[in-house]
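As structure tokens, the structure follows; a few thoughts come after it.
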Amino acid sequence: MMKAEAAGSLPKTNAEAVRKKPGRKRYGWMKGLLLPAVIIAIWQVIGGLGVVSATVLPTPVTIVLTFKELILSGELFGHLQISIYRAALGFLLGAGLGLMIGILAGFSKRTELYLDPSLQMLRTVPHLAVTPLFILWFGFDEVSKILLIALGAFFPVYINTFNGIRGVDAKLFEVARVLEFKWHQQISKVILPAALPNILLGIRLSLGIAWLGLVVAELMGSSSGVGYMIMDARQFSQTNKVFAGIIIFAVVGKLTDSFVRLLERKLLKWRNSYEG
């Protein structure tokens, strides 16, 4: 009798779990807003009480008003448009090359032996170390900025693509041989789908580093862009404008990351992975 009751209660529990799951997914993103909301509230209270000087730490309300001024003057969209153009072009160039060379090195041991040692050495060189060289070689023109961004965007995609291909289970190749897949079918139906999670992770990391590269490029030498706006505001002690620029970088970076995560969910529906 006890077993029958237990067995009868299991479907109900599972049904409740299924009913609750969509709700958790639908409203789960709101939990991520809790910490920023608390920080902003404390920040506003500290600034409002005058604990910290407004020159050092402007209140969130002041920063919002600064955003309003930048939008109405057209300054914000002008700088943001240029920054997005640079970041997008540098990312596409660097990530595209990283994907191509990662695939070549992943499939070919000989290519790996020729290229990987040099690429691993270059990967450890900081952006700030090569920035003076890029300026010396290419000047303060757009080319130096885009190449600097591309350099940072290259390595995450290259490493994750290479590791994704080399991490494919050898048993999948045996299955492909049993099914008499041709070489191009093994690549398109076995290797690349199995390596796709790593490749998408590389793209996410690459986007983040592309934005870091953009900041370095625009802070070191530029007459336009959000980075330039921050540097110009710093010279005139306009801390509220500096914070506005930082928030722009944070928001745009978060939006691009969310887009790639959405792409991951669409392309990796087949993967039954642990979600916590």
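Note: Cβ is positioned from N, Cα and C throughout, glycine not excepted.
Look at Swiss-Prot and you will find 80-260 tagged as domain 'ABC transmembrane type-1', backed by sequence analysis. Swiss-Prot lists 32-52, 54-74, 87-107, 119-141, 146-168, 199-219, 242-262 with the feature transmembrane segment.
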* Asked: With the transmembrane segment (146-168) as the reference, which stretch in 54-74, 87-107, 199-219 has the largest tally of C-beta pairs below 8 Å?
  -> 87-107
* When only pairs 6 or more apart in sequence are counted, do the transmembrane segment (199-219) and the transmembrane segment (87-107) reach 3 or more Cβ pairs under 8 Å? -> yes
* Touch test for the transmembrane segment (242-262) and the transmembrane segment (32-52), at least 3 Cβ pairs under 8 Å -> no
* Positions on the same chain near the transmembrane segment (54-74), where near means CB under 8 A and six or more residues out -> 40, 43-44, 46-48, 237, 239-241, 243-244, 247
